[in-house]
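This report concerns only the one structure given below.
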Amino acid sequence: MRVSLFLQKQIIECSKAFQPHSTRLQWPKSQDKVFVAMSGGVDSSFSAYLLKSQGYNVEGVFMRNWLDEDSAPSGCPAERDWATVQKVCKKLNISCRRFNFEKEYWNLVFEPSLDLYENGLTPNPDVSCNRQVKFGALFDALKKHCENNVKGDWWLASGHYAKSVVNIETNESHMCIPTDKRKDQTLFLCTIRKEALEKTIFPLHNWTKENVKKQASSAGFKEIAEKQESQGLCFVSPNVGRKFRKFLQRYLNFSDRPIKVIAGKNVVGEFSGNHGIWSLTVGERCGLSLPQAQSEYFGRWYVWKKDIKNNALYICRGTNNELLMSKCIYLKDWKWCGTKLQNLEKSALSCFVRVRHQQPLQPAKVTWRNPESVKIHFQDKQRAVTPGQVIAVYVNDVCLGGGMVDTVEPEKDFD
């Protein structure tokens, strides 16, 4: 598709703006107030330590997002984490405060995720939690607090592995990939509001996870550095095991009808209705036992499509079956992160795309069909792109934003 001269110029200018020499690190001045979002983990604790050691006026903030501890999956016991945060803040000689966002988390993250599960999709609760709660409700609460209680500028610091920079000419904020590419968490942050990004810093932007743990131990936080990383509800997917699936069963509706399992045009088996079609994800192995002695059923079978209306699950043989592959997908609910490019409708932009966490960036052509709908055509085939997941788009190492996978065009369809 032909690109207008105006857009060509804009892309060139945009690309120039994202060059390292055109940006500076977004960072507070010595007199600024810095609130550190703390979870009790090593990343946020070490972030607070770094800022305190650099002489900043630091205050820890802790969020409780889940009300009923007994009903939560084994992930992040809030009271124990709050006690750890208080202990760290006392050691650093900084104050800390606690915010309760159970209502916001339930209404803005958990219930929408349940709706997606019930419609056969696989959501990213961690992405919506960052946008709606950490860089939404928490940011708004801090902003309101600072209007009357803080003189001068203030910042929100997060222990995420990401980097916030400012364009020297336009003074606009951008989010970039950090030094530790393996721990890069920009995918989880790709939809946060521009207003929040402009006030956010990431102290670990030039640190590796290995060095964070090493230095945290040396700084007196050995117990925190050595404990197993916990994952709260935001960061859990159905793939992690039966415990989370059992937890979701308390909230999701089930069909009385059995789930039909279809290979090609043939029904090859059934799951009981209480299994929950929502618990099966595109790309994972099908748990149905097929007669391996018969050649037509021999091998490993994987989910490639879910049909909620007809309560059917489609499977294919082989982990790299063409039915699992796609080069063209469509996103909805697109959100910009920082710079918003103008007049992009129906014009293809060469970008990089991240489909899932820790995956290398994938070259692709990205077309904005309208302000909220995006078409992505990958250079290489992608396996098991899953409706409901969030995908992030990049120019150079700058994250432009992200959107939810709406539809996927497989490379091959059954005759």
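The backbone N, Cα and C atoms fix where each Cβ goes, glycine too.
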ATP binding, same site as A37, M38, S39, G40, G41, V42, D43, S44, G159 - Swiss-Prot member from M63, M325: M63
Nonlocal residues around A37 (ATP binding site), in sequence order (Cβ under 8 Å, 6 or more apart): S44, V61, F62, M63, K134, L138, L156, A157, S158, G159
For D43 (ATP binding site), the one of C129, H160, R285, Q389 that lies nearest, given that the recorded positions are compared by Cα: H160
Densest Cβ neighbourhood among H160, R285 (recorded sites), 10 Å radius: H160
Q389 (site 'Interaction with tRNA') in three-state DSSP notation: coil
Among S39, C129, R285, Q389, which are recorded as recorded positions, the nearest neighbour of H160 (site 'Interaction with tRNA') by Cα: S39
